[in-house]
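J.: Below are the structure tokens for one structure; questions will follow.
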Amino acid sequence: MKKAVVLLSGGMDSAAVIALAQEQGFAVYALSVRYGQRHTSELDAAARVAAAQGVIAHKVVDVDLRSIGGSALTDDIEVPDAGGDGIPVTYVPARNTIMLSLALGWAEVIGANDLFCGVNAVDYSGYPDCRPEFVRAFEVLANLATKAGVEGAGLRVHAPLQFLSKADIVREGVRLGVDFGVTVSCYRADADGRACGHCDACRLRAAGFADAGIPDPTHYAILS
């Protein structure tokens, strides 16, 4: 069976991506990153998703992005209740570049030619490393910078959610049997994974379920 490395944050998008990769016949190797995020509930969720969806292996890599800083997700910066103009303070500098690079390294080691990530450019917070241009550019980099790209069969970077609305992602996940109840999307989730209900991630998630007409299994502290 062909192998793929899938970035797994513990959120609803990455859970849906695992299911889509499996539907395409890939044996999924899930990679999560402990990058110094302020809460660990998303990594707990990643472990639940990996177990529930039967991945071949789930690796957690430590990278201390708190030492670089610059984000409300790693620093003592207040997470806003809603997105504003421009790139928000919840953007983590170079996060997707770093995570995809780690996935790329693991892919070479295990002989996988495919990387999957859950970036989205429709219902998203405006992060520059979620755009289609970024995904295409990283695939070019992957094939220039690796032995597998230069001497092997080449590497492909898949972003199957990039042009889907949040509602479409919910529908696809439900179709594939994803248990969204074990996922965590909130920027301010507590230790038990309860979502705050009013950050940008919570708003997008709640709207996705509402627009899809599917009950939202998320445990919210308060939903505004």
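First residue shown is number 1, and so on along the chain.
Positions of Cβ are set from backbone N, Cα and C atoms, glycine also.
Here's the feature list from Swiss-Prot:
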BINDING   Leu8, Ser9, Gly10, Gly11, Met12, Asp13, Ser14, Ala15, Ala16, Val17, Ile18  ATP binding site
BINDING   Cys186, Cys196, Cys199, Cys202  Zn(2+) binding site
J.: At the level of the C-alpha atoms, what whole-angstrom distance separates Cys199 (Zn(2+) binding site) and Leu8 (ATP binding site)?
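T.: Cα to Cα, Cys199 (Zn(2+) binding site) and Leu8 (ATP binding site) are separated by 21 Å.
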J.: Just the number: how many Å between the Cα atoms of Leu8 (ATP binding site) and Cys186 (Zn(2+) binding site)?
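T.: It is 15 Å, counting Cα to Cα.
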J.: How many other Cβ atoms are found within 10 Å of the Cβ atom of Ile18 (ATP binding site), counting all protein chains shown?
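T.: Excluding its own Cβ, Ile18 (ATP binding site) sees 27 Cβ atoms within 10 Å.
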J.: Cα-Cα separation of Ala16 (ATP binding site) and Cys186 (Zn(2+) binding site), in Å?
T.: 17
J.: Between Cys196 (Zn(2+) binding site) and Met12 (ATP binding site), how far is it from one CA atom to the other, in Å?
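T.: With the alpha carbons as reference points, the distance is 16 Å.
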J.: Give me the long-range Cβ neighbours of Ser14 (ATP binding site): same chain, 6+ apart, Cβ under 8 Å, in sequence order.
T.: Val6, Leu7, Leu8, Ala46, Val49, Cys117, Gly118
J.: Identify, among the binding-site residues Leu8, Ala16, Cys186, Cys196, Cys199, the residue whose Cβ has the fewest other Cβ atoms within 10 Å in this structure.
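T.: Per-residue Cβ counts within 10 Å for the binding-site residues Leu8, Ala16, Cys186, Cys196, Cys199 bottom out at Cys196.
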